[in-house]
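Enquirer: I have a structure I would like to understand better, so I am pasting it below and will then ask my questions one at a time.
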């Protein structure tokens, strides 16, 4: 069952050959589309191996693989807009932990998922690797319980 034009309203970046790459943090670039299967609970996983941001103290680049897993509700994130959004961190100065939490909060604001987790596997600097993990489960649902459980067990992956 293909999507019709009405279902694709608001998706402007996918297939656009005149892509504009943001030069600064750009949450407004994120686009969403309707989940055709809101009655099914299923995971969507993105692996983003080319994430870069800047150290807020030194201005040096930080590199990471960002893992995003979510259980959609009504809306889902469009992947090209996600790619451009993550690219917008390239000149953004923030700590690793901040980047992961900002990404999660922006995706919650966009999609209102049942559950989401964002994990950053940052390349070691100064001999230390930082791997922040943030998650969220919709309040008052079984996903709130899942989020709490995953928070304490995420390193057992």
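Using the three backbone atoms N, Cα and C, a Cβ is placed for every residue, glycine included.
According to Swiss-Prot, the record shows the following:
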ACT_SITE  55  active site, thioimide intermediate
ACT_SITE  62  active site, proton donor
BINDING   77, 78, 79, 96, 97  substrate binding site
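Where in this structure would I find these features, and how exposed are they?
Expert: According to its DSSP assignment, residue 55 (active site, thioimide intermediate) is coil. A simple way to gauge crowding: the CB of residue 55 (active site, thioimide intermediate) has 14 other CB atoms within 10 angstroms, across all the protein chains here.
In the three-state DSSP assignment, the secondary structure recorded for residue 62 (active site, proton donor) is strand.
Other C-beta atoms found within 10 angstroms of the C-beta of residue 79 (substrate binding site) number 14, with every protein chain shown included. In the three-state DSSP reading, residue 79 (substrate binding site) counts as helix.
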Enquirer: Can you give me the Cα-Cα distance between residue 97 (substrate binding site) and residue 55 (active site, thioimide intermediate) in Å, rounded to a whole number?
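Expert: It is 11 Å, counting Cα to Cα.
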Enquirer: Of the binding-site residues 77, 78, 96, which one has its Cα closest to the Cα of residue 62 (active site, proton donor)?
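Expert: Going through 77, 78, 96 one by one, the Cα closest to that of residue 62 (active site, proton donor) is 96.
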Enquirer: Quick one: pull the CA-CA distance for residue 79 (substrate binding site) versus residue 55 (active site, thioimide intermediate), whole Å only.
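Expert: Just about 26 Å between their Cα atoms.
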Enquirer: Let me check the 10 A CB neighbour count of residue 97 (substrate binding site). How many other CB atoms are there?
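Expert: Within a 10 Å radius of the Cβ of residue 97 (substrate binding site) lie 15 other Cβ atoms.
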Enquirer: List the Cα distance (Å, whole number) between residue 77 (substrate binding site) and residue 55 (active site, thioimide intermediate).
Expert: 27
Enquirer: Can you name the residues of this chain that are 6 or more positions from residue 96 (substrate binding site) yet have a C-beta less than 8 Å from its C-beta?
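Expert: Correct list: 53, 62, 64, 120, 122, 130, 132.
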